[in-house]
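Heads up: the structure comes next, in structure tokens.
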Amino acid sequence: MTIWFLIGFLLPVAIFAAPPPINRLALFPDKSAWCEAKNITQIVGHSGCESKSIQNRACLGQCFSYSVPNTFPQSTESLVHCDSCMPIDSVWDVVTLECPGNEEFPRVDKLVEKILQCSCQACGKELSQEGAMFNVYLNTAEDSPAESLGHHQHRPPAREDDSPAQSHREGESEE
């Protein structure tokens, strides 16, 4: 039974797992890959709203990629490798922007990825933004991410003269 588990589950995982990052190449032994999180000031904005400056980090570095010419018929597996400097640890924060003059949506919440740590990772390994937003919404018990892809808009408190249909549409967003 254990052998079937190893063959059926672990073998495909091992085959399709991304290769580890490469730190040095034989052709350039004096060069090494590097990737680090650099402090930046990020401007968060939204149409019709006041922008906000926040402190964040950006991933910056030089990671190795290479492609060795192929042969036909192919005698060995393709020799292509790609690493990119990208986040390995981040959190998502809500940044609230004020939107003066917009009575319907006086504030807009933007989800902003705050990068904590970076490293050379296999290209195409980016974490899905929708998946990350889904986790944020699950953790904060707010509206679902499908209702506001990328930001959540706040309406002002309902006035007494508002009809129930108007205040019920709070989760709808206008793009």
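Cβ coordinates come from backbone N, Cα and C, glycine included.
Lifted from Swiss-Prot, the feature list:
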- 157-175: compositional bias 'Basic and acidic residues' (COMPBIAS)
- CYS35-CYS85: disulfide bond (DISULFID)
- CYS49-CYS99: disulfide bond (DISULFID)
- CYS59-CYS118: disulfide bond (DISULFID)
- CYS63-CYS120: disulfide bond (DISULFID)
- CYS82-CYS123: disulfide bond (DISULFID)
- 35-124: domain 'CTCK' (DOMAIN)
- 144-175: region 'Disordered' (REGION)
- 1-17: signal peptide (SIGNAL)
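Listed in sequence order, SER65, CYS82, ASP83, SER84 are the same-chain residues at least 6 apart in sequence whose CB falls under 8 Å from the CB of CYS123 (disulfide bond).
The 10 Å shell around the Cβ of CYS35 (disulfide bond) contains 21 further Cβ atoms across the protein chains shown.
In sequence order, LEU97, GLU98, CYS99, ASN102, VAL108 constitute the residues six or more apart from CYS49 (disulfide bond) in its chain with CB-CB distances below 8 Å. A distance of 6 Å separates the Cα atom of CYS63 (disulfide bond) from that of CYS85 (disulfide bond). Taking a C-beta cut-off of under 8 angstroms and a sequence separation of 6 or more, CYS59 (disulfide bond) has the following same-chain neighbours: CYS35, GLU36, ALA37, LYS38, CYS85, MET86, PRO87, ILE115, CYS118. CYS118 (disulfide bond): 21 other CB atoms within 10 A of its CB, across all protein chains.
When other Cβ atoms within 10 Å of the Cβ of CYS82 (disulfide bond) are tallied across all protein chains shown, the result is 17.
Of the disulfide-bonded residues CYS63, CYS99, CYS63 has the largest number of other Cβ atoms within 10 Å of its own Cβ. In terms of local Cβ density within 10 Å, CYS120 ranks first among the disulfide-bonded residues CYS85, CYS120.
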